[in-house]
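Below: the structure, in structure tokens.
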Amino acid sequence: MTTHSSSPFHLRPAKSTPTDHAFILSAFDSSLPLLASIGSHEQWGSTPFSQRGDFPQETLKELDQSEEYRLTGKSNMDSLRIFIVEREYHHDDEEHTESLSSHLRVTSDGQCFLPVGFAYVRENWIPKADYPVKSADEHQFTQRQKMAATQRVVIIGAGIVGANLADELVTRGWQDITVVEQGPLNLPGGSTSHAPGLVFQTNGSKTMTRLAQYTVDKLRSLSDENGMPCFNSIGGLEVATTPARVEELKRKLGYAMSWGVDARLLTKEECLEKYPLLNKDLVLAGLHTPTDGLALAARATQLLIARTQQAGVRYRDSTLVTGIEQTGSRVTGVRTSQGIIPADIVISCAGFWGVEIGAMAGVAIPLLPLAHQYAKTTTVPALANRDVNHRPNGMNASMPILRHQDQDLYYREHGDQVGIGYYGHRPMPVVAASLGQTPEHVDEKHMPSRLEFTAQDFAPAWKASQELLPVLRETQLEDGFNGIFSFTPDGGPLVGQASNLDGFYVAEAVWVTHSAGVARSMAELLTDGASTIDLTECELSRFEEVQLSRDYVNETSQQNFVEIYDILHPLQPRESPRQLRVSPFYEKQRALGAFFLELGGWERPFWYEANAQLLHALPAQWQPPPRDTWSSRYTSPITAVEAWKTRNAVAMYDLTSFHRVQVSGPGAATLLQRLTTSDITAPPGAITHTLLLNRQGKIRSDIFVARLEPDLFQIGANTATDVAYLAVEARRQRQHTPTQWVQVSDITGSTCCIGLWGPRSRAVIRAVSNDDFSTTALPYMSVKRATIAGIPITALRKSYVGELGWEVQTSAEYGSRLWDALWQAGKPHGLIAAGRSAMNALRLEKGIRTYGVDMTTEHDPLEAGVFHLVDLDKKEEYVGKAALQSAAQRKQPPLRRLRCLTIDDGHSMVMGKEPVYFGGKPVGYVTTAVFSYTTKRPAAYAWLPGRVREGDAVVIEYFGRQVKATVSADPLFDPRGSKLHREDTGADGFETPLKNRL
């Protein structure tokens, strides 16, 4: 048996060998997430170092020149040499596998070392022999390396997503990978095989834009042995033929500036220069993005397959998946027509077949396959006789890819022909199971994903195309088909692990535009436990239970197809289905004229028309300024009344749709201590506002933990993803530590909640309860059980608006009575019902962040301004603690911060996602924007570089208009929290005249 040294890590000089060269490149690639966390995505980029131009060749050249690769810095520091960091490998404590053997270094005395990283070391520090080193994270790092080396991975689907995922995993050191494909590898027959390949990067979603940016970067780096690329960077042009679309392009330009995409608005004349075939009498303006272009998806897939095969990935083509093997709540393999493939991790990248694969695993996949029309013209005379026409498909185009969204159309060149894509036809849903197994022979015109063309549906498209491109009147349609793509209820992809089956992941509803980006994010999830790109809006677990029903998925996915190119307001609700989930107060709210918006299936009141009668009493200083047409949609001046009454009297808010979760059992405290950044072991009656982090110390959510009993907690969570995360972690704790049994139960639907807030809230609650609601009996951030009008309730003294009050919760069966009791008791005190619009304005001016909007998994607590929710001295370890401690030791100021902005002119509104300029350059973006009724000016949160300080002047670009703003103190309202901790004043101590409270 080999004697173990005091440290399992050693340094040795890097050598000019293929093994060291490959490992150094892999290590550089793996460092990107860390570099992005220290710096930013914009600073370090998203393309793997191994795919950056001459980087691999330069690295090899340096290794060839010297056995000890030397890097000389520009400072006076000694020169640096690169060393391989190795871990001593012992046959007696790990299973020896062939996959490990190829990476092992065996010394003359029989010692084995496995490379795990590299380090730059000063020349005068170079050791004469192997030098042991230690790292605070060595255990976690080693575990990740071991997992990549030993875990058996099966990827279902060898399309553009599956092949990219295999490639990304190989880059990160994963070694046991099998890809199963039901079709032939050369043309699998899914959506990838017929995708037109147009890549427009700019999206209202930062996440989707970043996924597209990485995809473009990676595809541009791919080429075959003849130098033929997989991306044609011809640019993208979106044209406007209506004034409304011109404004929409201005908004989209704002997105581009916010997310770091190079784009520019073009005049009509400039559009014609870029695309001479356009009708000069129809086009008004355009948006040009030089880095957009055509993705050669099929070619890229083949190159990735070849590259990963050389790296040891096994492909099983013409192999049908018939089942998912599982033991308990863990996946164990994939059943196929060729037998069972053992697996520790299974990722479904099956595209529109994903629903069927999910069903095999008992996982609901909210996806609907829909047919989408694409056609090609005969030869366009104006495009004939060009050299570019003779290039391979995809490279035989020189004009930008083109969008005509006013008519639901897009275009690309096929040499001397024009391809036309159309979304304006009726939705055509497809049942993937009805397509049968992919045949062994597939060609470009015969594949499961290509259905018969329905010419009658295309007639409006052909007419509109001839109007936009008059030269098409000289042509006819030569070919067309209805190609199948995947759509989801909210239009986003489905990425992540199933909450009910450990080891089963999906990457579905992913189009070519985002393919490599999603693959990288999935590889990061598997390797590091988190993606460097926030996946909140892509999470498989983001949907509520009602949203997983096939009826809901079918209707909403078809609606997304219809609206794909529509101009949609960020607050615009879906028209159907509605009233899926309503609170017990719903009919009473309707009687008060509530204006409802929908989220997660819930009807949520945003304001009440009944309060319009109070507009005449609204003090002049509370009067909101006029809004522009866009920002005034789905808002009302009544919101000012509701904010005013909340600050000066009392209001009740329906909080029923907020997620409420019970965590119970002898292991409840253990679970929450392990997952949260705060100490939640205070005695029953305490409420703790805390964070959930990922391993990198980034924010995955903020939650409220109320301890009701020693083994019973109630959690105020943000999303269904939070609920799923808690449930998964509880299940794992039960399995691994049965004595720490814990149960997580979502009680949202069986309960209801009213937020009773305002300086007169205590007077209202005292009128209907004999329980003590004084500050002494129930301090801020505490909870107690009590009764109101004989109704059992749980009262949590906390507030989303920065005022005295409580969240009053009860069983849904008592909801109607609770509303009536508070309503009657509140009349003498000026009580009103208030909606979400007022609450959102009040919460922002109080400095309360909204997870998923103001902060995400891309941000850490210090950057987001919520470090007060972190306890680094907490004795227990918790997820993300090591990363935060490491960051604290560096003592470096944040490179970016969430800042509060106020609009200088006092009236100009913005909406969110607009770019923020500092020093004439776009440096950040707005997250949330409101009119702050209390401070009498528009306000917003924005992510800005750390160098931008309080008091600095910035400019927000809103639909092309420059709006001046100032970085302001945060919070704007009651920074000391005196309102929240308000003591009893009695009726005589209330400063607002009675006439203003009625």
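Note: Cβ is positioned from N, Cα and C throughout, glycine not excepted.
Annotated domain 'FAD dependent oxidoreductase' per TrEMBL: 152-525, in sequence order.
Summarising the annotation, TrEMBL assigns domain 'FAD dependent oxidoreductase central' to 528-583.
Annotation source TrEMBL lists region 'Disordered' at 974-998.
Per TrEMBL, the feature compositional bias 'Basic and acidic residues' maps to 976-985. Counting only same-chain residues 6+ beyond the ends of the compositional bias 'Basic and acidic residues' (976-985), those with a CB under 8 A from a CB of the stretch are 759, 762, 774-775, 779-780, 799, 802-804.
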Within the compositional bias 'Basic and acidic residues' (976-985), residues counted as helix, strand or coil by DSSP: 0 helix, 0 strand, 10 coil
Local confidence of the prediction over the domain 'FAD dependent oxidoreductase' (152-525), expressed as mean pLDDT: 95
DSSP-derived helix, strand and coil totals, residue by residue, for the domain 'FAD dependent oxidoreductase central' (528-583): 24 helix, 2 strand, 30 coil
